[in-house]
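Here is what Swiss-Prot records for this protein:
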DOMAIN    3-73  domain 'PAS 1'
DOMAIN    77-116  domain 'PAC 1'
DOMAIN    140-214  domain 'PAS 2'
DOMAIN    218-255  domain 'PAC 2'
DOMAIN    265-335  domain 'PAS 3'
DOMAIN    402-606  domain 'Histidine kinase'
MOD_RES   H405  phosphohistidine
Amino acid sequence: MEQDTQHVKPLQTKTDIHAVLASNGRIIYISANSKLHLGYLQGEMIGSFLKTFLHEEDQFLVESYFYNEHHLMPCTFRFIKKDHTIVWVEAAVEIVTTRAERTEREIILKMKVLEEETGHQSLNCEKHEIEPASPESTTYITDDYERLVENLPSPLCISVKGKIVYVNSAMLSMLGAKSKDAIIGKSSYEFIEEEYHDIVKNRIIRMQKGMEVGMIEQTWKRLDGTPVHLEVKASPTVYKNQQAELLLLIDISSRKKFQTILQKSRERYQLLIQNSIDTIAVIHNGKWVFMNESGISLFEAATYEDLIGKNIYDQLHPCDHEDVKERIQNIAEQKTESEIVKQSWFTFQNRVIYTEMVCIPTTFFGEAAVQVILRDISERKQTEELMLKSEKLSIAGQLAAGIAHEIRNPLTAIKGFLQLMKPTMEGNEHYFDIVFSELSRIELILSELLMLAKPQQNAVKEYLNLKKLIGEVSALLETQANLNGIFIRTSYEKDSIYINGDQNQLKQVFINLIKNAVESMPDGGTVDIIITEDEHSVHVTVKDEGEGIPEKVLNRIGEPFLTTKEKGTGLGLMVTFNIIENHQGVIHVDSHPEKGTAFKISFPKK
């Protein structure tokens with residue numbers, strides 16, 4: 001061996017690190033000595049994927065190693081420490097099932113970190129005697145065996161402390177040599193890329209002691225300098241009465257090229273997935289095992305850990321559990337074809353979102369799973385509801401106009417004849433007054449119906465002082481409110497706040513809102529009217545201390561004939577909403593049981 005006179009620092013085996021991985025490669029446990037040997041605290045590794053800590057060239061090696069359920073040899077790979085340095089790790093794997101029905105697997109990983117010793121050792125037997133291997137742990141190479149392996153189709157070589165002493169014909173072909181003399185007698189380090197030298201030294205020393213070493217991937221160099229990627233399996237042996245190393249090499253250059261192509265394809269696919277505006281996720285055994293960035297935003301999660309590994313049914317209404325479970329199971333078992341269905345979910349902010357969902361069968365670590373694509377249609381659904389509501393308003397308005405005109409004509413005749421009959425009804429004036437007041441109420445309802453049909457009719461918009469307008473409305477209703485123990489309190493940011501609108505229609509709006517607020521407090525209370533403004537809008541809030549509006553009614557506020565009052569017509573708020581809409585304003589309703597209701601109207605300044 002050409003490096004016999006050079007002192008080297010071989011790698012020594014440290015204490016075992018134990019880890020438990022989920023079937024998808026996510027670390028669910030690692031022993032506390034990870035901080036000492038790898039630089040990471042337990043909490044920094046648990047929840048992460050093992051591959052994020054591996055050298056990129058070893059990721060496929062480890063991944064394929066996990067797929068093999070018969071791990072006869074340990075696997076050696078490079079691990080990236082927290083300080084970004086690289087250490088070699090030798091790992092043994094055991095696959096266990098966590099359920100009797102064998103639906104979930106866990107990977108038990110027993111790792112040894114191979115680090116440099118502080119003392120100097122030499123591979124030269126004359127300067128450093130390595131403890132000989134026991135006869136029981138050693139395979140002897142005899143002349144008969146040598147003739148047997150000569151024509152093996154796989155490259156094979158034998159070295160003594162790194163110095164090549166035998167190669168078969170396949171090894172010659174792989175290294176591009178014409179004769180064995182071009183290889184025998186040379187150090188194996190001459191053919192191995194420098195980045196692997198430290199781990200090779202460690203493996204040689206261990207085999208010199210008769211210890212087994214694991215499988216490893218290495219890059220060797222042919223005689224013409226061309227790199228060749230190899231999978232190396234090694235074991236201790238005895239060759240011509242010397243402790244030696246038996247190497248069986250498999251050319252994986254084609255596999256490496258394929259892995260590179262696959263990795264690039266995977267990266268492009270991941271880039272496409274991560275940047276998709278639709279949510280793309282994978283469900284396995286009822287849990288989220290993958291989700292892209294759009295999904296994290298859709299469910300309003302703070303981090304991936306809020307969703308990954310969690311039960312999907314946590315985001316579903318209990319009524320939907322059975323349907324979704326059956327749909328996912330049928331798709332996973334390919335019993336039904338993929339179709340677009342509508343599905344609602346709960347976000348982490350307890351907000352309901354509406355989605356279109358497509359389920360596609362896929363696999364997750366070789367097991368049946370379902371890929372889910374979710375498209376947020378919450379805004380579309382809201383728009384559809386607004387259009388439906390607008391259509392209802394239009395139909396109700398047309399119906400109201402027809403009814404109002406049909407009733408007004410006979411009503412005018414009835415009132416006229418009652419007026420003529422009044423002088424002849426001495427002693428029955430009380431009944432006359434009741435009938436006449438009810439007819440006046442019918443007239444008021446007819447006026448509201450006509451307002452609903454064409455709220456913009458006869459509208460004369462002008463520059464209005466909002467403080468003055470609300471003051472007039474408050475004065476009109478204040479006397480009746482005080483009789484019921486209700487105080488109307490008004491507050492303004494400024495004395496003069498102006499908007500552009502129709503005075504009569506806006507008075508109708510505030511009369512309806514203040515009157516509703518007063519009627520919601522039969523036991524007395526306070527009605528607050530607050531006027532504020534910002535750069536673009538003027539805001540008017542009418543707030544009461546009543547019992548509040550039930551949640552099931554709150555979402556239907558403004559619908560025709562919807563009322564919570566015993567004598568209400570269900571038209572007042574509908575007219576109010578219509579007038580505000582025709583003034584390019586918006587109205588927001590906030591109500592809490594036993595705490596009251598607030599109607600906030602926002603008008604544009606211009």
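Cβ coordinates are placed from backbone N, Cα and C, and glycine is handled just like the others.
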In the same chain, residues at least 6 away from the ends of the domain 'PAC 2' (218-255) whose Cβ sits under 8 Å of its Cβ atoms read 73, 130, 132-133, 137-141, 154-162, 165-166, 171, 174-177, 182, 188, 190-193, 196, 200, 203-204, 207-212
The domain 'PAS 2' (140-214) resolves under DSSP into 36 helix, 14 strand, 25 coil
Over the domain 'PAS 1' (3-73) the mean pLDDT stands at 77
